[in-house]
Amino acid sequence: MSDEEHHFESKADAGASKTYPQQAGTIRKNGYIVIKGRPCKVVEVSTSKTGKHGHAKCHFVAIDIFTAKKLEDIVPSSHNCDVPHVNRTDYQLIDIAEDGFLSLLTENGNTKDDLKLPTDETLLAQIKDGFAEGKDLVVSVMSAMGEEQICALKDIGPK
């Protein structure tokens, strides 16, 4: 045996913790699924009957939770699909920086400054207008597969 120690530096991320496997036949409408590497919310599921030799197939129609693009996939119902871990967290809005980044207050009292304003025009207008009026705003942040985006806004009253 040698006395040398080997150090391995991992530059790649396996992404294993971002998703978990679930049998395609058990995924239902309003559930989540990974299609073409994107986390999606299932809007329609249809199952075809088995052929003479073969598996029943599930046809998924889903919408990307971050880009709102419609994606489709057909998977044998006995096979496993990747399902993303989707989290929704609420943060209180403290400030909007000049460069479009938000300063948010976490539950433990720290600030989170790495989120940009949403691209959705109506949500963007609601956040800017509410902040300009001095309202106390709480934003809901959806996170999945290493991505985060503001998806909703709540007004908790004036400051």
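Note that Cβ sites are derived from N, Cα and C of the backbone, with glycine treated the same way.
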Residues flagged as region 'Disordered' in TrEMBL, choosing from 1-21, 43-63:
1-21
Confidence summary for the domain 'Translation initiation factor 5A C-terminal' (85-154), mean pLDDT rounded:
85
Sort the residues of the domain 'Translation initiation factor 5A C-terminal' (85-154) into helix, strand and coil with DSSP and give the three counts.
12 helix, 40 strand, 18 coil
